[in-house]
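What follows is a single structure, written as structure tokens, with notes after it.
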Ligand SMILES: Cc1ncc(CN)c(N)n1
């Protein structure tokens, strides 16, 4: 018997071009082929620290929505709580990494693409945004980083040794499993969602993909 095609699978096929644009961006390509401009990496590091700080309240809001909105026999709350805990670690890692690269986090202002992405996250915190819609954004945001950085760890990659730890942070297998758990949550929710919510969730996925591309563009210096 053939496995049923999930909603996320349908979307990823339909929006493959945009999805690949987010997960195979030239910034990621430049890490993978070893040509990364270190000043671009430092820009990304400082801007992503600001993003992750704004991501925390967003993920907390998804946690609240999971508690209220899922019939949580399926353990959504635990999976998302794991994500919150990982973010605590991630913030410490950014501070350590910034120190290593001489990046002064306290003096960095968010660039326009980052501001717009953070504003988008804030809009999703609203209680009016359904759990399913917010969960789709959460899954997509985590998965884009997982796929992007895992690409830099493949056998034929020439990722500089000093950037391997960064790539491991999101590209490792257990982060991949966590992203799969998020995807299962999302597909389970989408199975029982109304057409209206499915439409909103798909539009939200597209917005995330666009913001992620803009975010990479912000850091990537074209030569
Ligand atoms: C822009 C962005 N997107 C996703 C992630 C992964 N949490 C991140 N740190 N930054």
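From the backbone N, Cα and C atoms, a Cβ is placed for every residue, glycine too.
Curation plays no part in TrEMBL annotations; they are all automatic predictions.
Feature annotations, reproduced from TrEMBL:
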DOMAIN    13-221  domain 'Thiaminase-2/PQQC'
BINDING   48, 90, 142  substrate binding site
ACT_SITE  212  active site, proton donor
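Mapped onto this structure are the features recorded in TrEMBL.
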| residue | record | DSSP class |
| --- | --- | --- |
| 48 | substrate binding site | helix |
| 90 | substrate binding site | helix |
| 142 | substrate binding site | helix |
| 212 | active site, proton donor | helix |
Could you name the residues, excluding 48, 90, 142, of the same chain that surround the substrate site, i.e. Cβ within 8 Å of the Cβ centre of those residues, in sequence order?
-> 51, 52, 55, 87, 145, 169, 170
For residue 48 (substrate binding site), which residues of its chain lie six or more apart in sequence with Cβ-Cβ distance below 8 Å?
-> 94
Reported as an integer number of Å, what is the Cα distance between residue 90 (substrate binding site) and residue 212 (active site, proton donor)?
-> 18
Can you tell me how far the Cα of residue 212 (active site, proton donor) sits from the Cα of residue 142 (substrate binding site), in Å?
-> 11
Cβ atoms near the residue listed as 'active site, proton donor' (within 10 Å, other residues, all chains) = 23
Per-residue pLDDT averaged over the domain 'Thiaminase-2/PQQC' (13-221), given as an integer = 96
What's the most sparsely packed of the binding-site residues 90, 142, counting other C-beta atoms within 10 A?
-> 90
